[in-house]
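Student: Just dropping this structure here.
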């Protein structure tokens, strides 16, 4: 075999690898950088995330999933899913009620313990903040984990399901905070 054929033979696997990575990046996974404090303490500004774009083509959106969605033409936001289509949402005395039943939010406990009065979320009903009694079909209701400082569905309303980029699969930076579970 000539040296030229050997070189071509070594380039082929690299070409295939680059094509596979580019395809995965374009259609399956995306990198995101967290900007701001709205998802603290779960996610912090500067965290690097991998978002699975196919998650909701394969399975359903679940309450408490952390998602990335197109907020407008220029910005994507990362928030937590609180309300699914058909849900009635309310907060009273810092407790989440979905369809009239208390729902525990264990991911907020560490943050609540740091607060002076232990209260993270002000009282509201879905109707008070959106004018609707239920989350409409084809929409979700999202909140940031830092409820005191988050621009979320309480301010901009429902997120259409077709605005969702994907589900946050894991945080890979900083490496000491590497996590699959949120």
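Each Cβ is built from the backbone N, Cα and C atoms, and glycine gets one as well.
Copying in the features that Swiss-Prot gives for the protein in this structure:
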type: ACT_SITE; residues: 38; note: active site
type: ACT_SITE; residues: 79; note: active site
type: TOPO_DOM; residues: 1-13; note: topological domain 'Cytoplasmic'
type: TOPO_DOM; residues: 31-182; note: topological domain 'Extracellular'
type: TRANSMEM; residues: 14-30; note: transmembrane segment
Student: Look at each of the active-site residues, 38, 79, and point out the one with the fewest other Cβ atoms around it within 10 Å.
Tutor: 38
Student: Between the Cα atoms of residue 79 (active site) and residue 38 (active site), find the distance and write it as a whole number of Å.
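Tutor: Counting only the Cα atoms, the answer is 8 Å.
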Student: Through the lens of DSSP with three states only, how would you label residue 38 (active site)?
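Tutor: Where residue 38 (active site) sits, the three-state DSSP reduction gives coil.
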